[in-house]
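Student: Okay, handing you the structure first.
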Amino acid sequence: MACQCQAGSEKGYIRLLLRAPRKPSSFLFSDHGENDAPAGGTVAAFQPVKNSKKGGSRASLFIYLAMGFGNIGFVANMTSMVLYFYFVMHFDLPGSATTTTNYLGSVFMLTLVGGFISDTYMNRLNTFLSFAVLELLGYVLMIIQSHYKKLQPEPCINDSRCVKGGEALMLYASLCLLAIGAGGLRGSAPALGADQFDRKNPMERKYLARFFNWLLLSTTIGASIGVTIVVWVSMNKGWDKGFIISMFCAFAGFIVITSGKPFYRIRVPGESSLSRIFQVLVVMVKNRKEQLREGTNELYEIQDKEAGLSEVQIPRTDQFRLLDKAAILRIGVKPKKWGVCTVTQVEEVKILTRMTPIIISTIIMNTCLAQLQTVSVQQGTFMNTYIRSFEVPSASIPVIPLVFMSILIPIYEFAFVPLIRKVTGHPNGITHLQRVGVGLVLSVISMGIAGIVEVKRKHEILNNGHRISIFWLGIQYAIFGIADMFTLVGLMDFFYSEAPAGMRSLATSFSLLSLSFGYFLSSIFVEVTNSVTSKITKSKMGWLEGRDMNKNHVELFYWFLAALSVLNFVNYLYWAKWYIYKKDDP
């Protein structure tokens, strides 16, 4: 609901809200039209759904297929891009790693843009399609540059990055288009799929939790194809051919999701989510000198029983009472936008504020993930990559956790959840935050093992001249894959379930925002680690510096991240215990 009320429309629009809690209620789907908001103002949380009788599992199949196709190329590039930068664009080891993590960080940061646009300006389907076109254009540029040698830089010795001038312009332009396209569509797709299920319907609510598991399974299967077939083609037949396959898979996803249009529930965009947040902050500052009186303070709320708006109201909570000042209607002041906000609008900001520590607490885990997609892939080039006469590309090793996840997700859904549900009584078996916590613990174990494997690798090659099998990396990948299965799905379900109805695309993007910060933090850690350790090592080289990994100390960097992850888990436990779930959840 907006903080705007037409002057003179006193009939049933203003309710004085005392500190006693109100009966909670929730809203997701409605048969109201776009113009059913009260005359007093717009209603942002009120996002009606066109064709509310559609949707369900049949509609979600198109989202599964589209994201599966899209992930074939996207994940193949996630794991192999570091080698493309190293061998084709002639970056050094830290340069190729930080460029990859900066690219991936940008992708997941831009999911917020996709989520914001699909909440505010375009429906989620059109948002997906628009950004998919940009992604296809990015692939076209990558194909052209990887095909023609004249558009690639010559090797250099002293520079960390050899790409200059027009070559650099073309490379970074293609990366920008890929990042904007891939990020934008991933900011709208999860919410589009979740919109096909009504959270107020007990049966459909159960399928909503299942949707995120199956979405992960479909993207995992697509990723498995990408890191095996597409990566092998890129490494053995040419990078241009790998990018061509990625482009056609992305186009296939575009066609599939378009084909499902007759079956979707399409949510009508509402008022700008960010505008509503800023309104609360601005009005709070204006009312900073107003007093919240115990038991008698009058807080502003809109209610119109005829419009059914009471369904979308969020009950007031006692946390962050300073924000409540935005809902104080000062004497002699008429309700208007940027003058007073409703209690529901204030509570929306409180919900997002409560989510923030949870997001921050998962960033370190995603920094660890970035190492598996960069440093560990580079490790693989210094290991035995053969199975008899067949050479396994080092960038294909992530298929191990993907296979684990493909097997474990159905087991988790059909065996673990029903069993634990009988013990806990929770519809999902365990809560969202408990699921995230399990993933954080497993990520610590993965980093610890990664360090041990690197010690063994260096010992064998330096002392015995023997390269150990690349499948030793499979241990850390497998454990982290299970961690990702718990954490990523838990976060997406958590943010969608807890977010206000008008901010669900934006909120589901928050789980990917954590990935973005994790990748950017990885780039910072690599640079800072090299800067600090170069001053204390005998060789005057940083732990990750140079082009020869046998002279580096990657194992110490892994253990540093493991220790940091332990501290982060302790921090997460505090915030998970502190978090108050939204009261309108059954």
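Yeah, the Cβs are placed from backbone N, Cα and C, and that goes for glycine too.
OK, TrEMBL features for this one:
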- 61-87: transmembrane segment (TRANSMEM)
- 103-121: transmembrane segment (TRANSMEM)
- 128-148: transmembrane segment (TRANSMEM)
- 168-186: transmembrane segment (TRANSMEM)
- 207-233: transmembrane segment (TRANSMEM)
- 239-257: transmembrane segment (TRANSMEM)
- 397-420: transmembrane segment (TRANSMEM)
- 432-453: transmembrane segment (TRANSMEM)
- 473-494: transmembrane segment (TRANSMEM)
- 506-526: transmembrane segment (TRANSMEM)
- 556-575: transmembrane segment (TRANSMEM)
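Please go over these features one by one and say how buried each is and what sits next to it.
Tutor: Tertiary neighbourhood of the transmembrane segment (103-121): same-chain residues 47, 78, 81, 127-128, 131, 175-176, 178-180, 182-188, 191-192, 269-274, 370, 373, 502-510, 512-513, 515-520, 522-523, selected by CB-CB distance under 8 Å and a gap of 6+ residues from either end.
Long-range contacts of the transmembrane segment (128-148) within the same chain: residues 66, 70, 73, 84, 88, 114, 118, 122, 167, 170-171, 173-185, 188-189, 192, 238-240, 243-244, 246-247, 250-251, 253-254, 257-258, each at least 6 residues beyond the stretch ends and with a Cβ under 8 Å from a Cβ of the stretch.
With a threshold of 8 Å between CB atoms, the same-chain residues lying at least 6 positions outside the transmembrane segment (168-186) that come near it are 70, 74, 77, 89, 103, 106-111, 113-114, 117, 127-128, 130-139, 141-142, 144-145, 151, 509, 512.
Counting same-chain residues at least six beyond the ends of the transmembrane segment (207-233), those with a Cβ under 8 angstroms from any Cβ of the stretch are 56-57, 60, 63-65, 67-77, 79-80, 190, 193-194, 196-197, 199, 241-242, 245-246, 249, 393, 395-399, 402-403, 405-406, 409-410, 412-413, 427-428, 485, 488-489, 492-493, 496-497.
Within the chain carrying the transmembrane segment (432-453), a Cβ under 8 angstroms from the stretch's Cβ atoms is held by residues 358, 361-362, 365, 368-369, 371-372, 376, 472-473, 475-477, 479-480, 482-491, 493-494, 497-498, 554-556, 558-559, 561-562, 565-566, 568-569, 572-573, 576, 579, all 6 or more beyond its ends.
Tertiary proximity for the transmembrane segment (473-494) is limited to same-chain residues at least six positions away from its ends with a CB under 8 Å from its CB atoms, namely 190, 208-209, 212-213, 215-216, 358, 362, 365, 368-369, 372, 376, 379-380, 383, 397-398, 400-402, 404-405, 408-409, 412, 428, 432-436, 438-443, 445-447, 449-450, 453, 508, 510-511, 514.
Non-local neighbours of the transmembrane segment (506-526) in the same chain are 94, 97-98, 101-102, 104-109, 111-112, 114-116, 119, 183, 186-187, 190-191, 194, 273, 352, 355, 359-360, 362-371, 374, 488, 491-492, 494-496, 498-500, 544, 557, 561; each lies 6+ residues outside the stretch with a CB under 8 Å from one of its CB atoms.
Non-local neighbours of the transmembrane segment (556-575) in the same chain are 357-358, 361-362, 364-365, 367-368, 371, 375, 436-437, 440-441, 443-444, 447-448, 450-451, 454, 525, 529, 543-544; each lies 6+ residues outside the stretch with a CB under 8 Å from one of its CB atoms.
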